[in-house]
């Protein structure tokens, strides 16, 4: 089994879907390792736009089998709703190629209700979650009281565990805007529908051990990782290389490439430190031209300049063998482009390749920038590297040098599926 892993290297929304879509055309197996329906990306396949949340985007290829792995949390209604939406747009037979590990955890509507209550309780210190219940679901998993997908098939165990979960949250918060018996009734129907989708993950991989090309699709991104991200303003799963290996029990020696997807500037949804954020005309321009709205929440994304400190940190943890630089065309109309190259902490310490663990300290860093000339010409739809403006090529090559020679192998030049430069 030869494995390619695609990972977000910033705060998510980097455009992982397009490279995954491209690579999935040759893949025989595509897997999600972490997260739930809080993730979101858009793929333009032909003339049709597809939104993905919990499902692997390998479903756009009719030759690709898809697995939602053990490290994920699955909101069952969203799983079926998303499948139906894909098939309604022409992806016939998608359901027959979508499988869920029996060791994944179930994200209930109950978790969404609790998510809102927990965020409300934080007041001005809100994390800025998607409100999908992901955090409470992972909390239940870590506390050993969660419900696994495989347990849905055992009606007695499932109902007992869900009622116990509900009773625990009621004891904590009081009366909830949630009816546990209604949810149990809904799952009587879901139980029958889920039977062909639920698999023993180890047996599944043994069946597909001769897969010539396995693609692992990362969700969220390294800076949202529970351990390595800007804690506590993170998601609740391991979104980096280590999380993918563990959740899908990959043999590390089978990994042939690790692709880091990075936007040509930086964005973030929700709260938390963002050193290179531009609360000015430049930030507004990036937001408007880049159409920076979250696929899952619809919220405006915060925008700022490319941050090499964050990317060096991300590279040190995920060990990218190549990069996919996305949305280069959004920078076409800037006279000059800034790149963050170092931070200075309040105590005077200068950082170039790591970030402080304390989010409060990261919020207070002074950012050092270099200024590069813009190219002031259209790169939309460019397919060959040599056809890019000279200053655009210099921008890309500067990033490569500053990252120690990690090659930028793919460059996104527009929203369409084929708006991509592939460098050999």
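Every residue gets a Cβ built from N, Cα and C, even glycine.
The GTP binding site annotation in Swiss-Prot covers 12-18, 40-42, 301, 327-329, 412-414 and is backed by sequence analysis. Annotated active site, proton acceptor per Swiss-Prot: 13, in sequence order, evidence recorded as sequence analysis. Sequence annotations record features per position, and here Swiss-Prot assigns Mg(2+) binding site to 13, 40 based on sequence analysis. Residues or ranges marked as IMP binding site by Swiss-Prot on the basis of sequence analysis: 13, 14, 15, 16, 38, 39, 40, 41, 130, 144, 220, 235, 299. Annotated active site, proton donor per Swiss-Prot: 41, in sequence order. The feature substrate binding site is assigned by Swiss-Prot to 295, 296, 297, 298, 299, 300, 301, with sequence analysis given as support.
Features per Swiss-Prot, on structure.
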| residue | record | CB count, 10 Å |
| --- | --- | --- |
| 12 | GTP binding site | 31 |
| 13 | active site, proton acceptor | 26 |
| 38 | IMP binding site | 29 |
| 40 | Mg(2+) binding site | 22 |
| 42 | GTP binding site | 14 |
| 220 | IMP binding site | 30 |
| 298 | substrate binding site | 9 |
| 299 | IMP binding site | 13 |
| 300 | substrate binding site | 13 |
| 413 | GTP binding site | 25 |
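Inclusion criterion for the recorded positions 41, 130, 220, 298: a C-alpha placed within 10 angstroms of the C-alpha of residue 18 (GTP binding site); this criterion is met by 41. In this entry, 13, 14, 15, 16, 38, 39, 40, 41, 130, 144, 220, 235, 299 make up the residues listed for IMP, with the farthest two CA atoms of the set 34 Å from each other. In this structure, the CA atom of residue 220 (IMP binding site) is 8 Å away from the CA atom of residue 40 (Mg(2+) binding site). For the binding-site residues 18, 301, counting C-beta atoms within 10 A of each C-beta gives the highest total at 18. For the residue listed as 'active site, proton donor', the number of other Cβ atoms no farther than 10 Å from its own Cβ, over all displayed protein chains, is 24. Rounded to the nearest whole angstrom, the C-alpha distance between residue 42 (GTP binding site) and residue 13 (active site, proton acceptor) is 10. Residues within less than 8 Å, Cβ to Cβ, of residue 15 (GTP binding site) and separated from it by at least 6 positions along the same chain comprise 41, 261, 263, 324, 326, 327, 412. Following the DSSP three-state reduction, the secondary structure of residue 42 (GTP binding site) is strand. Residues near residue 328 (GTP binding site) in space but far in sequence (CB under 8 A, at least 6 apart, same chain), listed by position: 264, 379, 388, 392, 396, 411, 412, 413. Under the three-state DSSP scheme, residue 130 (IMP binding site) falls in the coil class.
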